[in-house]
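As structure tokens, the structure follows; a few thoughts come after it.
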Amino acid sequence: MKHLLLLRLVLPKPNYILRRSFLFHSGKTTPSPLDPYDTLQRRVARSGDPSASIIKVLDGWLDQGNLVKTSELHSIIKMLRKFSRFSHALQISDWMSEHRVHEISEGDVAIRLDLIAKVGGLGEAEKFFETIPMERRNYHLYGALLNCYASKKVLHKAEQVFQEMKELGFLKGCLPYNVMLNLYVRTGKYTMVEKLLREMEDETVKPDIFTVNTRLHAYSVVSDVEGMEKFLMRCEADQGLHLDWRTYADTANGYIKAGLTEKALEMLRKSEQMVNAQKRKHAYEVLMSFYGAAGKKEEVYRLWSLYKELDGFYNTGYISVISALLKMDDIEEVEKIMEEWEAGHSLFDIRIPHLLITGYCKKGMMEKAEEVVNILVQKWRVEDTSTWERLALGYKMAGKMEKAVEKWKRAIEVSKPGWRPHQVVLMSCVDYLEGQRDMEGLRKILRLLSERGHISYDQLLYDMNGAGLSWKIVDAMGKGRYVEEREVRI
């Protein structure tokens, strides 16, 4: 995919409007009926098949003589990103650049960088970043690159970008600090969390509610209840900080992890009381998950009923309630929710069937998991790497390694650039094939991985040594040039 950079930094232009007739022909077109509910954004929202081109929807809209505003495209990209439809969002971003009547702002370029990383991988995002002139690499662009590395937990590169931002004077606010704080928590670097917080104090960078909630989350991860409680008391006493529902939800999560259910429920109730109308949808999604972790099914269903009464009923709600029920190992209730989703929800979201597949796999119900996969492939025409990898892991947990190898091979065959194989599945399959003396099967797996650029010979040796497995068989294959030698990815 070509990612065209159009940094036409000129005087501000109006919010451009485009008709297909202006681009491709001069004949008259018949505008679509004046249906207020038939908008381009609604058409895009209904076209949820990730394997289909979203540009066809846009072309169809233009062919009917309709208008396309730059602001509308921005709204559509925002919506697609919100629902993790990154490939479709990138297609529209590319389309905006290719049709020069649409002004491309520096913010658009930063969003493009983020989308390229999500769709094509960090390597493609880095190439795109290098095409941008030095004088145009602003705070937003560096911030987007920092987010790309942080989201993939590439710590050393994120730290490099953070240092560059510091040298360029881009650390005036707390946002970059929050990104790094969150990354340190996710990578278990808790001493760096304290160090960075002290740096914020030294540089007089005022923390915000996200800073507070990230620190509370760090306490909950390590089950430091005493530290969490003391920190919360200090925050409550700080008149300059306005705590929100998430503050008490994160505190509740800390209590849940420590097994202090009653204290957790007290915090969850306090969190609910602080939810305002604008945040209600997202808050209920989070709180359902926490109530599920606390084993309170009746509270999950209470919030689910409230959630369904809200305007704008989204797939994220189904994801939250299904996740909550799975935490309580209630697969029968999950199946009922799935039936409700299939019957009344038209927007396809692969994350929802993926949750059911995972639930079946954890319970060893592999036939049912296969049924869901067959529906995805046959009805929705969707073959996703993650789908097959979930099946492979399920068969591995069930001790059916022959089936695990079969499903994982299919995952590799449908994989896209940027995919990183699940190490547990990878090493289990290699170990199994080695134990079976299946040299040909092992060669095919390694060849597929190498051809698609997912793993190198050196990386495979590194992973195998870390897992305590034999490396001689892979070493022999490396010498036979079945896999390409590359730098080890750690």
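Note that Cβ sites are derived from N, Cα and C of the backbone, with glycine treated the same way.
Over in Swiss-Prot, the protein carries these features:
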TRANSIT   1-86  transit peptide
REPEAT    138-172  repeat 'PPR 1'
REPEAT    173-207  repeat 'PPR 2'
REPEAT    208-243  repeat 'PPR 3'
REPEAT    244-274  repeat 'PPR 4'
REPEAT    280-310  repeat 'PPR 5'
REPEAT    314-344  repeat 'PPR 6'
REPEAT    349-379  repeat 'PPR 7'
REPEAT    384-421  repeat 'PPR 8'
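Beyond the repeat 'PPR 4' (244-274), the same-chain residues lying 6 or more positions past its ends with a Cβ under 8 Å from any Cβ of the stretch are 209, 212-213, 216-217, 219-221, 223-225, 228, 232, 235, 283, 286-287, 290-291, 293-296, 299.
Per-residue confidence over the repeat 'PPR 3' (208-243) averages 92 (mean pLDDT, predicted model).
For the repeat 'PPR 1' (138-172), the number of residues in each DSSP class (helix H, G, I; strand E, B; coil) is 26 helix, 0 strand, 9 coil.
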